[in-house]
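Heads up, the thing below is written out as structure tokens.
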Amino acid sequence: MLTQEQALDIYRSTGAVLKGHFKLTSGRHSDTYMQSAKLFVMPDQAEKVCAALAEKLAEAGVKADMVISPAIGGILMGYEVARQLGLPNIFAERENGEMTLRRGFSFEKGAKFIVTEDVVTTGGSVKEVIELVRSLGGEVVAVASLVDRSNGKVDFGVKFVNLISMDVVSYEPEDCPLCKEGKIELVKPGSRTVFKK
Ligand code: ZN
């Protein structure tokens with residue numbers, strides 16, 4: 001199995017570890033951004049990382065019927081982890097701001113789920129997917145992520161299995177030293193939108 005350092009090396013080698021001044025999905029600012037989409041540009045590399053996570057899930061004794069992930073970040077990862085585990089895979093997406101199942105996705109009551117998300121910072125989207133699964137009569141047995149940026153601080157109330165756990169400093173916008181310095185432009189990496197503060 002890959003060690004955390006080996007997994008991180010793969011992230012770096014695919015250009016998925018960005019340095020600069022970033023606005024995270026949570027709204028916080030950071031000098032580091034894990035752009036997992038870059039990892040999935042290289043399917044052979046993504047396969048290795050997701051296989052290691054699938055192994056870790058098995059080691060942790062996680063037994064599930066299905067994999068679900070929040071769009072968009074978790075979709076590719078969910079697919080590959082589900083493929084490794086031999087499980088069906090669906091994803092949840094927002095409609096009018098609410099996490100929901102579209103595209104004819106459904107499941108039987110009592111189905112056990114692994115929720116996958118590429119990078120967990122505050123875990124907001126994952127928590128919404130957990131609520132969605134429960135509201136539809138499913139059970140969430142574990143959360144799995146490639147990167148836990150909270151370094152173990154996020155509590156989902158279920159097993160949380162991740163490959164890379166790191167403590168990346170992030171700031172509320174008003175406390176951000178990069179904003180105060182004003183030298184590096186703030187970007188939202190997902191969309192490449194440049195924000196004026
Ligand atoms: Zn900032």
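Using N, Cα and C of the backbone, Cβ positions are placed for all residues, glycine too.
Curation plays no part in TrEMBL annotations; they are all automatic predictions.
Across all of the domain 'Phosphoribosyltransferase' (46-155), the predicted model scores a mean pLDDT of 95. The domain 'Phosphoribosyltransferase' annotation in TrEMBL covers 46-155.
Annotation source TrEMBL lists 5-phospho-alpha-D-ribose 1-diphosphate binding site at Glu117, Asp118, Val119, Val120, Thr121, Thr122, Gly123, Gly124, Ser125. The secondary structure of Ser125 (5-phospho-alpha-D-ribose 1-diphosphate binding site), as reduced to three states from DSSP, is helical. Cβ environment of Ser125 (5-phospho-alpha-D-ribose 1-diphosphate binding site): Thr25, Pro70, Gly73, Gly74, Met99, Glu117 lie under 8 Å away, each six or more residues apart in the same chain.
For Thr121 (5-phospho-alpha-D-ribose 1-diphosphate binding site), the count of additional Cβ atoms within 10 Å of its Cβ stands at 22 [all protein chains shown]. Summarising the annotation, TrEMBL assigns orotate binding site to Thr121, Arg149.
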| request: Could you tally the C-beta atoms, other than its own, that fall within 10 angstroms of the C-beta of Val119 (5-phospho-alpha-D-ribose 1-diphosphate binding site)? | output: 23
| field | Length of the line joining the Cα atoms of Val119 (5-phospho-alpha-D-ribose 1-diphosphate binding site) and Arg149 (orotate binding site), in Å | value | 7
| note | Taking only the CA atoms, the spacing between Arg149 (orotate binding site) and Gly123 (5-phospho-alpha-D-ribose 1-diphosphate binding site), expressed in whole angstrom, is 10
| message | From the DSSP assignment alone, can you count helix, strand and coil residues within the domain 'Phosphoribosyltransferase' (46-155)? | response | 37 helix, 35 strand, 38 coil
| task | Quick one: of Glu117, Gly123, Arg149, which of the binding-site residues has the smallest count of other CB atoms within 10 A? | result | Gly123
